[in-house]
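Here TrEMBL flags 51-138, 143-237 as domain 'Ig-like'. The feature domain 'Fibronectin type-III' is assigned by TrEMBL to 244-342, 347-444, 449-546. Positions annotated as region 'Disordered' by TrEMBL: 529-552.
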Amino acid sequence: LFAQNRIEVSGGELRFSKLVLEDSGMYQCVAENKHGTVYASAELTVQALAPDFRLNPVKRLIPAARSGKVIIPCQPRAAPKATVLWTKGTELLVNSSRVTITADGTLILQNISKSDEGKYTCFAENFMGKANSTGILSVRDATKITLAPSSADINVGENLTLQCHASHDPTMDLTFTWSLDDFPIDFDKSEGHYRRASAKEAIGDLSISNAQLRHSGRYTCTAQTVVDSASESATLTVRGPPGPPGGVVVRDIGDTSVQLSWSRGFDNHSPIARYLIEARTLLSSQWKQMRTNPVNIEGNAETAQVVNLIPWMDYEFRVLASNILGVGEPSLPSSKIRTKEAAPTVAPSGLGGGGGAPNELIITWTPTLRDYQNGDGFGYIVSFRRKGSQAWLRARVPHAESLHFVYRNESIAPYTPFEVKIKAYNRKGEGPESLTAIVYSAEEEPKAAPYRVIAKSVLSSEMDVSWEPVEQGEVTGVLLGYEIRYWKDGDKEEAADRVRTAGLVTSAHVTGLNPNTNYHVSVRAYNRAGTGPPSPSTNVTTTRPPPKRPPGNISWTFSGSTVSIKWDPVVAKADESAVTGYKVRAWPGGDPGKSQGSGTQHSLFPQMLYRQDSHSAPTLYLTSKSHIDIPIPEDFTHAFVQIRVTGPGGDGTPAEVHILRNSGTSMMVEDSGMRPAPHVVVLTTNSLLMVALISSLEL
């Protein structure tokens, strides 16, 4: 095999030259060393084929544009490779200025004219045989741009249409495509900025909406058919606010000023007019515009001084450029810096005080914010003296968060006026002093007690208490009010409930008492130091509670514009207060059908719906008898009525009835048993319909 000199093995490769059919077969490569042996196999197939166009014939109809170029491949299947010749009709084609036959047999015709139409045949031949394939060249009108897009300048946010019209061979379809800086525009991913302005085949206008800076560039319109294409371009300039400045650097750091420098950003096709400087501190994430020197920073500047800063404060800075179209995006923040320390420049505020224990003077103020401390080692210097005295006493309070100072001295009399002032300091020095304030030393509890205390039961759970006040001279300091203490008979005063009044009032209304209970009552004056001695206690007994049972057997009669209602009198039990009369409350209403609607809840609880829907205000009537006449205008179709007892113990549980007007007389019969839930009775007499609801609802 190797004697034939056509096959050689070199470095793991098996090489063949001048293949023959007999070279076909399976070949195996064996590799071995001391560790073992591996095998790899491959099959070699040697083909010998006559040229065959069945898989790749020349295209039957070949359209081409006038004055354009056409490429006609010739790719028969052949082994070995076939020799290729081209003819037009009976004319053999050879390479010329307009005709090119490439090495792989492709025919290229350029600057095509109508005379180039005709049949083109590719002949292929090898030692196995020969074959040919023919196509017909058809010359079409060329595609041309008839209205090209024009370059334009617009501002950010404006709209624009770039025009592009074309002519083409009417036998072919025409399509338009657009690109920006040679990148195709995807209309589906343009977020609504791009759309086609016309549906006409020969018009490919591009509409740009809400133009942004990124839409600047070279736009190319391409009109294309299957045989050729034509393109024209235009430049769009979108002007907008400047881009962010770069490289913000802080230097020359002082206590209230720094020097900033930056590099110029893009002007986005509109000259930069001025710069703004913003800053934020560690106390706030909000950026604020800063004062600068110069006040107005011109557009050609790249440095400025920032003034009126807070001493001993951490800052970040950023720069913004602006032009006639607006303020641009800010620069990246500078590195954080801290201004130098300085003595405080603001006096503490909120100076006051008072209160405390005997022989004490308490001075208070509002702690100074971090913004105004100006340096490390911050504290307060408090100065004070008795009013009228010449000598000032001073005390240092070395903590920034401190908010009071206590001075103790046995010589301090109660409620003595002191002149007080305060200033701040840090390790750089002392700040300005505040205005002088008057602060009083601690008060003493009132020494006198109120007198002539009178307690009177009002209802079963309430009482009124009145007293004569203490004299102002018997109170050291400011009288804040009085404290009423009350406790049940048999209890200790230490367990008393307490009610406080404010100011100089000399009476109080006390609620939440138990019915029919004896109470002891005393009154004390109080100020900021505490309560004074008690008054002599007085006794009061609350009244018995009102009867629990509501009026029963309610009946009524309509007569014109009056409804007469009567009921059985309520008799108080031994543990209930006497009945002195009745309270009747009435709500006249319109058409009940309009207010009740429909549904189970409406039929079971008409009084709830009635009070929700009625536009009438209720009217209260008082009577000492067990009957009453109530005016109900004739144009009102129904009424909702509550009846309850009243007396020294207060008001009792109401009975509630809902009356529908018609004619005749009816009576609401009360359920004689215990009623865990409202009881509804519906009675019809003659042509009168009445719904009565007894409920334990309070007015």
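Keep in mind that glycine also has a Cβ here, set from the backbone N, Cα and C atoms.
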Count up the helix, strand and coil residues in the region 'Disordered' (529-552) according to DSSP, in that order. 0 helix, 7 strand, 17 coil
Counting only residues 6+ away from its ends, which parts of the chain sit with a Cβ under 8 Å from the region 'Disordered' (529-552)? 355, 358, 442-451, 453-457, 459-463, 467, 470, 475-477, 483, 485, 489, 493, 513-523, 567-573, 575-577, 579, 582, 626, 643-655, 670, 694, 696
Structural state census, the domain 'Fibronectin type-III' (347-444) (DSSP three-state): 3 helix, 49 strand, 46 coil
Just give the helix, strand and coil counts over the domain 'Ig-like' (143-237), going by DSSP. 6 helix, 46 strand, 43 coil
Taking DSSP helix as H, G and I and strand as E and B, the domain 'Fibronectin type-III' (244-342) has 0 helix, 46 strand, 53 coil
For the domain 'Ig-like' (143-237), report the average pLDDT of the model, please. 95
